[in-house]
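Copied from TrEMBL, the annotated features are:
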DOMAIN    41-243  domain 'TLC'
TRANSMEM  6-27  transmembrane segment
TRANSMEM  48-67  transmembrane segment
TRANSMEM  87-105  transmembrane segment
TRANSMEM  169-188  transmembrane segment
TRANSMEM  208-230  transmembrane segment
Amino acid sequence: MDMREVYVVAGSFVGFQLFFSCVSPVLSSNFTQGYGKLPPNKLNDWNSRLVSTVHALIVGLFCLYILWYDDAVNEDPVWGDPNMVKLNVAITCGYLFYDLVLLACNWSTMGDTFFVCHHLAALYAYGFVLTRGVLPYFANFRLISELSTPFVNQRWFFEALAYPRTHRLVVANGVAMAVVFFLVRIAVMPPYWAKVFGTFGTPAFERLGLAAQVAWIVSCICLDILNTIWMYKITRGCYKVITGKLRGGKVDSKKTNYMNNHTD
């Protein structure tokens with residue numbers, strides 16, 4: 001790993017921590033009246049999700065730029081010039097380290113085993129990108145999924161502020177979340193795996209070695225399983241809202257299991 005990527009990972013870790021501790025409380029207090037009325041555990045979750053949204057917008061938009069304009073990566077998905085991708089991946093790795101520390105320090109209120117598995121799988125795979133510069137196209141393609149995170153976080157914000165789940169803004173965000181989540185995490189699976197299978201048996205694939213091949217394939221399978229589980233939960237929640245099966249427009253906390261999303 002070049003020192004540039006080390007600095008980006010470390011800088012992202014510190015930057016997201018500062019945003020969580022200093023920037024988010026100030027912004028949220030000034031722009032959201034109900035923020036100051038939240039209990040301490042929800043304040044931490046709120047600040048965490050605002051950081052998550054900022055991270056998602058940065059890397060998601062950067063990801064689209066690379067997919068559209070980085071010809072070297074698109075022409076050689078396994079060994080193409082990884083410089084821009086490594087920068088984007090380093091930002092994400094810094095965020096993942098920050099979020100793992102945050103989850104560990106607040107496990108009783110924010111802990112989520114699925115998310116720990118998600119983060120560790122992503123870090124394991126992204127480590128090969130940063131250290132060897134391999135698989136830039138595929139690493140960047142996975143980051144498309146971040147574009148759904150702001151909608152997931154916004155749903156939680158509405159819930160924390162006690163918006164009825166039948167409120168038009170909540171319903172609109174829920175439908176948008178389900179659509180975007182499907183597009184960037186589920187609908188992209190067939191073309192992604194077609195591209196993956198297209199590399200099997202090629203000299204470029206053989207040059208990777210077994211360790212990188214296993215990290216790449218296994219981590220992607222794990223992430224797609226998690227995305228499918230989350231898509232199922234989101235679809236159920238969206239269906240309940242649209243069909244009006246919530247009790248008086250309020251959340252049935254005994255039956256509704258919300259996805260805990262600090263990234264993706």
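Positions of Cβ are set from backbone N, Cα and C atoms, glycine also.
Because TrEMBL annotations are produced automatically, they should be read as predictions rather than curated entries.
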Next on the checklist: At a C-beta cut-off of under 8 Å, are there same-chain residues at least 6 beyond the transmembrane segment (6-27) that contact it? List them, or none.
Outcome noted: 43, 46-48, 50-51, 54-55, 87, 90-95, 97-99, 102, 130
Next on the checklist: Across the domain 'TLC' (41-243), what does the mean pLDDT come to, as a whole number?
Outcome noted: 90
